[in-house]
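Structure first, then comments.
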């Protein structure tokens, strides 16, 4: 069964909490204001914006005392052809020492900042273009479309367009609804560059393109795409002992988007469809004990699976095969309790059981006195 009410409750149980959302917004706003007012960097910083799973609404609730991870991009006007990656990043050390003493560390392509309530990942980038083209891009990066700290789920009308403004109520609804994504010619061919200390080179990155692709895919899937990503991430976390460490994060998200058809009608249907498509699409690759090459939505020459080993991909493929069998049975079941128990084999106790009026089994079924633990059968049981 589709059990959409139970899926809705499950999703509410695994989304970041309202407090966590406010924490990362506060952290992002505070950092933005501090950068804006830090005199040595005033002429360098163009804007800062949220990226990553937080911005794309594909993050799941951290377990235990783990803090949310928040990616913040700093867009600068630095000339990457005249400055080394190390020198570019070193410009920000006085800022970090002033506002985050003892709380920051240098990473390969970013700075990590550990606060009591959130983990910030500060990514320094530069606009590689020059002249009028650079000016147009700076306008985009200074626009509400980029600066918003709301996630895609919170701002469903969002478009990548410097003319977009947040929909704050019924008065602005008609105006925001008329704004569509800007033509690809205005943004797609213009990724940012970011410094890599370890390789001592500048590489291309296009977080806005990833955000825009996610927003469009979610609309085409009736709002189910970002929730399906969350569900698969939760399944992976619940079954981590039976799965390889990778893929996770964005590569996992990309694999889901690659397999999910447009027009998704429900969570249950979407899960079965994307797993079945994943298995059929990569069967030959799996049989060859290899892994796929998947182009990044923002920088076409980047393989999203570059750091994933063939061994891990094949192990993950086997995990999806086992999970798909359970998901098919859960969707096919016509008994609410049985269906829910099967979904719980994948997602654990965060997936609720239907209430007493949720449907009865034939043969004397009685409502359990407490939530049942999943039966341990098969790879993920």
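Just so it is clear, glycine is given a Cβ too, placed from its N, Cα and C backbone atoms.
Binding site for Mg(2+) A per Swiss-Prot: 69, 71, plus 121 from the candidate set 18, 121, 157. Of the residues proposed, 51, 155, 345, the one Swiss-Prot records at the same ATP acceptor site as 109, 196, 197, 204, 205, 307 is 51. Swiss-Prot annotates 53, 56, 69, 71, 210, 233, 304 as ATP donor-binding residues; of 246, 250, 317, the candidate listed for that same site is 250. Residue 56 (ATP donor binding site) and residue 71 (active site) have their C-alpha atoms 11 Å apart, to the nearest angstrom. When the recorded positions 53, 109, 121, 196, 205, 307 are screened for a Cα within 10 A of the Cα of residue 69 (active site), the ones that qualify are 53, 121.
Distance from the CA of residue 121 (active site) to the CA of residue 196 (ATP acceptor binding site) is 14 Å. By the criterion of other Cβ atoms within 10 Å of the residue's own Cβ, the least surrounded of the binding-site residues 51, 53, 204, 210, 307 is 307.
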